[in-house]
Amino acid sequence: MEIVCEDFQKVLTKIKLLRENANIIEETVQRSVREIVQNVRESRDEALFFYTKKFDGVEIKDVRVSEEEIKQASMFVESSFLEALQEAKKNIISYHEKQKRQSMFDCTSKGIIRGQIIRPLENIGVYVPGGTASYPSSVLMNVLPAKLAGVKKIVMVTPPRAGGIDPHILVAASLAGVDEIYMIGGAQAIAALAYGTESIPKVDKIVGPGNLYVALAKREVYGIVNIDMIAGPSEIVVIADETGNAKYIAADLLSQAEHDERATAICITTNIELAKEVEKEIERQLETLPRSEIARESINRNGAIFIVPSIDEALQLSNEIAPEHLELHIKEPMNALAYVKHAGSIFLGPYAPEPLGDYLAGPNHVLPTSGTARFFSPLSVDDFVKKSSFLSYTEEALRDVKHHIVELANKEGLHAHAKAIQIRFGEEE
């Protein structure tokens, strides 16, 4: 891992280049994704079966997972796994319950009523990855907020493997309350949820992380359906001062690097000695990681340790990066929280490692990446509701303000708007 001692702007330039390189890859893949989406839109199930055989190496005739298969899945998982899943579910629910909001209205003495109705989406599709790793935790993180919001129908898609779907995924789906599960993955699954096929129902919104093909397919169908966000490769930034523990920091950086060769792992520190220790620890820990090949490629391609003169500058740099995950391994991390403007999720102190948020603590692990934490937020109950405004005026209330409406409408050249007000008071011309 490279240790960089350069000024602020040079560091930002390096990070910008990393993201631009990722965009070049995206442009190449986008053409392929567009073709897949169009074929599924036109050929429906036929295209689904074709792409499943082509990309997953599995020949299927029926994409729906049966109720019997879901029930039997519990026979193939460990009791310790089920206990961990139950604990995670409890924490996710307790955290997200506090996000629920109520419809509201206000009224005045003249009989003006204004308000907002909050309603759950009717149906959603959840994408659960199933490539180089299986993610039961993603099932809980995507489904439970939707259940709390009151979504009526939740459909899940996940790539098939030889022999079916990982039983841990099926158990998590059953525990979370998924209504229907389909063995389909990749861009073709996103297209099926967006347009519907003979087997898979069209949904109103698609959520859940996936690989580059999945992310670009979500971008392609946005507007036909709603989506949560365009999620890129995983990212972590660790800010550390001289109190940082090199073993902890290295382990946390590698926890993200092992996701994907395109993942980004950055340490920003004020202490050169700590930087050297972190570098050594990364090499040492890589030797024992089962996914060391992926993690090493990620570290070599997108990893760096930046030396800065102060924690203030470290925070400033982090705000420019706007990382998915930010860890603060510094004295009094809570005091620094107010200065963090842009980050998907923030982890304070040495005993709040990023995997705690990935699995168990309760806050959602579906987070904005690639700098989009500047304007996107973690997945929440709000993502599964929609809002409608309503208003009611009495004749007297409208009469009091009609001249303002007419003035504004005429200024915009929308005279029928003005007339719609005037006609109610015999002022037609």
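Cβ atoms here come from the backbone N, Cα and C positions, even for glycine.
Quantities reported herein were computed from a predicted structural model and do not represent experimental measurements.
Residues Ser234, Gln256, His259, His325, Glu412, His417 are given by Swiss-Prot as substrate binders; from Asp166, Asp179, Asp358, that same site also lists Asp358. For Glu412 (substrate binding site), the Cβ neighbour count at a 10 Å cut-off comes to 10, with all displayed protein chains included. For His417 (substrate binding site), the same-chain residues lying six or more positions away in sequence with a CB closer than 8 A to its CB are Ile405, Ala409.
Comparing the Cα of Ser234 (substrate binding site) with the Cα of every entry in Gln188, Asn211, His325, these being the recorded positions, the smallest distance points to His325.
Across the residues annotated as binding substrate (Ser234, Gln256, His259, His325, Asp358, Glu412, His417), the two Cα atoms farthest apart lie 55 Å from each other.
A straight line from the CA of His259 (substrate binding site) to the CA of His325 (active site, proton acceptor) spans 13 Å.
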